[in-house]
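Q: Sharing a structure below in structure tokens format, with a few things to ask.
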Amino acid sequence: MYHLMLVCLGGAIGAGMRHLTVTAAGRALGTAFPWGTLAVNVAGSFAMGLLVEALARKFSVSNEIRLLLAPGMLGGFTTFSAFSLDVAVLWERGAQSAALAYVLASVAGSILALFVGLWLARSIL
């Protein structure tokens, strides 16, 4: 339960950071294009790569700190960072075909699922 609470705390911080970033980008660049979402996805993926490698090579931190930062804060900031890490892990393990299939299935499947959800909600409501 303690580990779950750490992930939740980090997630709350990350979600707040996401909101602030998306809001600031919308004010600065307009809302015709999702600049804020793009920014959090790219920045979150960069931060996930930096964090995972830094923790693995340079810094000895507890599992609790890892949970707070990676799935917690960065997961709340952007779930895209977790997806990007999954792709990188598959790729670096030599499973390039699986990594590419995962990218295609995730992107196409998520967009398709969104449209199915829209259709279902519009049909029911």
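Placed from the backbone N, Cα and C atoms, the Cβ positions cover glycine too.
The annotation Na(+) binding site is assigned in Swiss-Prot to G75, T78. Under the heading transmembrane segment, Swiss-Prot lists 4-24, 32-52, 67-87, 100-120.
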Q: Which range wins on Cβ pairs under 8 Å with the transmembrane segment (67-87): 4-24, 32-52, 100-120?
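A: Of the candidates 4-24, 32-52, 100-120, 4-24 scores highest.
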Q: Going along the chain, which residues at least six beyond the ends of the transmembrane segment (4-24) come within the CB cut-off of under 8 Å?
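A: Counting only partners 6 or more residues beyond its ends, the transmembrane segment (4-24) has Cβ contacts under 8 Å with 36-37, 39-40, 43, 64, 67-69, 71-78.
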